[in-house]
Amino acid sequence: FFFFFFLLLSVLLQYTDKEEVVLWMNTVGPYHNRQETYKYFSLPFCAGSKKTISHYHETLGEALQGVELEFSGLDIRFKDEVMQTTYCEIDLDKAKRDAFVYAIKNHYWYQMYIDDLPIWGIVGEADENGEDHYLWTYKKLEIGFNGNRIVDVNLTSEGKVRLVPNTRISMSYSVKWKKSDVKFEDRFDKYLDPSFFQHRIHWFSIFNSFMMVIFLVGLVSMILMRTLRKDYARYSKEEEMDDMDRDLGDEYGWKQVHGDVFRPSSHPLIFSSLIGSGCQIFSVSLIVIIVAMVEDLYTERGSMLSTAIFVYAATSPVNGYFGGSLYAKQGGRRWIKQMFIGAFMIPAMVCGTAFFINFIAIYYHASRAIPFGTMVAVCCICFFVILPLNLVGTILGRNLSGQPNFPCRVNAVPRPIPEKKWFMEPAVIVCLGGILPFGSIFIEMYFIFTSFWAYKIYYVYGFMMLVLVILCIVTVCVTIVCTYFLLNAEDYRWQWTSFLSAASTAVYVYMYSFYYYFFKTKMYGLFQTSFYFGYMAVFSTALGIMCGAVGYMGTSAFVRKIYTNVKID
């Protein structure tokens, strides 16, 4: 699918001499608030005289990201140079002057596209005293071509004119064409920042996290192997005792809760839905990263978001399979309700946050406001794609792996949980469980945040894949250790504890987002603040659900393994 898409795109982006080249005007907004964007013509700019191409949205991802493509009206043709030409005039009354002055004071800049290549320009500038304000009126375009394809675009803003009310300002442009040696497939390389993403600290953080994984896996393996070997030896010795000696002996440890360790978790419907959603998020993350490594998704507007939506819908059977099978194993009866909750848990969270922010965007008249048609399209995907596929996965999960084939019988009456030291309480284990996983990814979080909230294009998906693998390994190791200590204290409430201790990584990520907002950015205003913390809450919650599911799945295999290998009467 992606191969044929990019093949078709490469064919469409070829030109013949004097063929029309469209200059699209996208958005304008304050430099420090990347997500607070408005239509380019929301400022009193004027358009050229050409009116043949109308405003449109190309993809679902563009619509959700607030891409507002409007035709500039400029007549540009392939390899046809244009000397400085006036294309329109602005009658600068007081209202228009105030709008430009406000934009200049808030460092507004605009974005344009030629042949899908982004171009940025600044609206204007103020003098040193901040009293006089100047508008750039001359767009000087220099376009590079290689054969019959456009491979490079540069914009130079000139013609600084002071903003004086009740005057007329002429807007002009020029186009110069030049041959370039840049290959078409490499034309986005100029927008990348290797010095930032491939800095030594990035490599060092990956190496540091990798060494942490080796150390942690070795430590966990050594401790558990030695400790479990002692436990097995002690339990085997107890088996050889007669009843009186066993009664006089000091029985303790994880074997004592064998009759309750496979007891259904509290609130099994919610728990199984969370596990299913977490497995789906992990599948989506893995597939999208692999696709991004194979195809340069950053070269197409909205392609990353469109790909994520498509993959999320396609992987809905994963959610149904793992959630449905776990719910069946725990004796759940209301499987249809569980299927609906599992299917709509993540979409409802994302859509609810998006709709809340959408009201603020509508109030601000921002381009980030999601059109009604796009909302309908997303709802149709949820009801007609995600829900049926989730139903298929649920039926398969219940029938193929929904039998509770536990290695131990579950007692009819729950065993009392003895008192233990404060640091062995589940609440403490949950709070401490996310520290090491967060420590393995927080450097990568800085690069991801900077690419999304600032003007960097993230392209090092190999690093992201390594970090995802490292995060999963560290999470599984930490939750296994936490669960072993909990069971050894004869507390069988390991299911929610393993999930929450792994999911607590998200709490530390969200706390880090506060630090990043106040100390690494210059964002301001209600719209940008609500957008930032709203979507960071969605990101952190999704990350927490994924980590919780990964931690639970690894811990579940560990618990099943240790109770399979011990003799139980």
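Any Cβ shown, glycine's included, is placed from N, Cα and C.
Among the features that TrEMBL reports, signal peptide is placed at 1-18.
Taken from TrEMBL, the feature transmembrane segment applies to 203-225 (among others).
The annotation transmembrane segment is assigned in TrEMBL to 269-293 (among others). Through the fold, the transmembrane segment (269-293) approaches residues 2, 304, 307-308, 311-312, 315-316, 318-324, 326-327, 330, 332, 334, 337-338, 341-342, 345-346, 461-462, 464-465, 468, 472, 495-496, 499, 542, 545-550, 552-553 of its own chain, all at least 6 residues removed from its boundaries and within a Cβ separation under 8 Å.
Residues or ranges marked as transmembrane segment by TrEMBL: 305-328 (among others).
Under the heading transmembrane segment, TrEMBL lists 340-364 (among others).
The transmembrane segment annotation in TrEMBL covers 370-392 (among others). Through the fold, the transmembrane segment (370-392) approaches residues 57, 60, 63-64, 309, 312-314, 316-317, 319-320, 339-340, 342-344, 347, 351, 354-355, 358, 361 of its own chain, all at least 6 residues removed from its boundaries and within a Cβ separation under 8 Å.
Feature annotation from TrEMBL assigns transmembrane segment to 427-449 (among others).
For 461-487 (among others), the entry in TrEMBL reads transmembrane segment. Remote same-chain partners of the transmembrane segment (461-487), defined as residues 6 or more beyond its termini with a Cβ less than 8 Å from a stretch Cβ, comprise 197, 202, 206, 209-210, 212-213, 216-217, 220, 223-224, 227, 254, 257, 261, 282, 285-286, 289-290, 292-293, 424, 426, 429, 432-433, 436-437, 440-441, 444, 447-448, 493-494, 497-498, 501-502, 505, 547, 550-552, 554-555, 558-559.
Sequence-distant contacts of the transmembrane segment (499-519), counting only residues of its own chain at least 6 positions beyond either end whose CB sits under 8 Å from a CB of the stretch, comprise 271, 274-275, 426, 429-435, 437-438, 441-442, 445-446, 449, 453, 471, 475, 478-479, 482, 529, 532-533, 536-537, 539-541, 543-545, 547-552. Positions annotated as transmembrane segment by TrEMBL: 499-519 (among others).
Long-range contacts of the transmembrane segment (531-553) within the same chain: residues 35-36, 274-279, 281-282, 285, 322, 346, 349-350, 353, 356-357, 360, 368, 433-434, 437, 453, 471-472, 475-476, 478-479, 495, 498-507, 509-510, 513, 517, 523, each at least 6 residues beyond the stretch ends and with a Cβ under 8 Å from a Cβ of the stretch. Annotated transmembrane segment per TrEMBL: 531-553 (among others), in sequence order.
Within the same chain, residues 436, 439-441, 443-444, 463, 466-467, 470, 473-474, 477-478, 480-481, 484 sit at least 6 positions outside the transmembrane segment (203-225) and bring their C-beta atoms closer than 8 Å to a C-beta of that stretch.
Non-local neighbours of the transmembrane segment (427-449) in the same chain are 196-197, 201-202, 205-206, 208-209, 212-213, 216, 458, 460, 463-464, 467, 470-471, 474-475, 478-479, 482, 485-486, 497, 500-509, 512-513, 516, 520, 547, 551; each lies 6+ residues outside the stretch with a CB under 8 Å from one of its CB atoms.
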